[in-house]
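Reading through the structure tokens given below for one structure.
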Ligand SMILES: Nc1ncnc2c1ncn2[C@@H]1O[C@H](COP(=O)(O)OP(=O)(O)OP(=O)(O)O)[C@@H](O)[C@H]1O
Ligand SMILES: Cc1ncsc1CCO
Ligand SMILES: [Mg+2]
């Protein structure tokens, strides 16, 4: 049974510490995939929510100092409960965010880290050109992704024109031609949530990360074929593709 079919069967609960920009899109894609999204910002309920959750997706996109305790507690409890964690280290190249992620890395094991080329370069201790949430480096470096995987112990999904998925040894590639992914803010956040839904029903980290990334890219290519080269139409066509492809897997 494919991981996508397994999602339709189990309808896993994906718990999100989401950012304030793309919360709705992240909830939508989890729901359209056949899984169940839940967002929280309340530390007092994090233990009970993790008890019923199948995976945790942690996105630092709009993190502030008062959020750090819930991020730490959620991740530590998820580790204790053996629930998989996906980290989206939005703009980790910015110093404050780097200090938060260092704090998390010292206390927590992440199962999967999904970021753009500049964000993944940070985990590999390599210099990279970025501007806020955007990677400005066009060269795909499987080397950085492999180093990041070895340093963190996580499966790394490094996105760009070609996506690289690696556990530090095995390296898998996903190449899809959907340039409007770059224009629509939050496609990275949506991919991290998609990976969360896949890993929620599979113990195989690299396989779930790869299949989620491939599925996401293929839906993007099919959406591109349907719309004029405009971002608004693309995002709706893309979400509809996700929904249809997920239902076909039933
Ligand atoms: N130049 C590109 N051409 C085609 N697809 C791309 C390109 N860059 C990224 N993508 C795709 O866009 C999706 C999101 O990856 P991206 O690297 O833009 O994440 P991100 O920078 O974290 O995005 P965001 O912060 O807006 O959520 C992935 O599926 C990736 O394959
Ligand atoms: C634009 C933006 N700013 C913080 S998070 C976010 C969405 C992309 O991750
Ligand atoms: Mg991002």
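Residue numbering: from 1, along the chain as shown.
Even glycines carry a Cβ here, placed using N, Cα and C.
Just so it is clear, the model here is predicted, and its values are computed rather than measured.
Database features, via TrEMBL:
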- 39, 186: substrate binding site (BINDING)
- 114, 159: ATP binding site (BINDING)
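A 10 Å cutoff on Cβ-Cβ distances gives residue 159 (ATP binding site) a total of 25 other Cβ atoms nearby, all chains included. All protein chains shown were included, and the count of other CB atoms within 10 Å of the CB of residue 186 (substrate binding site) stands at 22. In this structure, the binding-site residues that sit close to ligand 1, with a C-beta under 6 angstroms from any of its atoms, are 159, 186, chosen from 39, 159, 186.
Comparing residue 39 (substrate binding site) with residue 114 (ATP binding site), their Cα atoms are 19 Å apart once rounded.
Around the Cβ of residue 114 (ATP binding site), 32 further Cβ atoms fall within 10 Å across all displayed protein chains.
For the pair formed by residue 186 (substrate binding site) and residue 159 (ATP binding site), distance between Cα atoms is given as 13 Å, rounded to the nearest Å.
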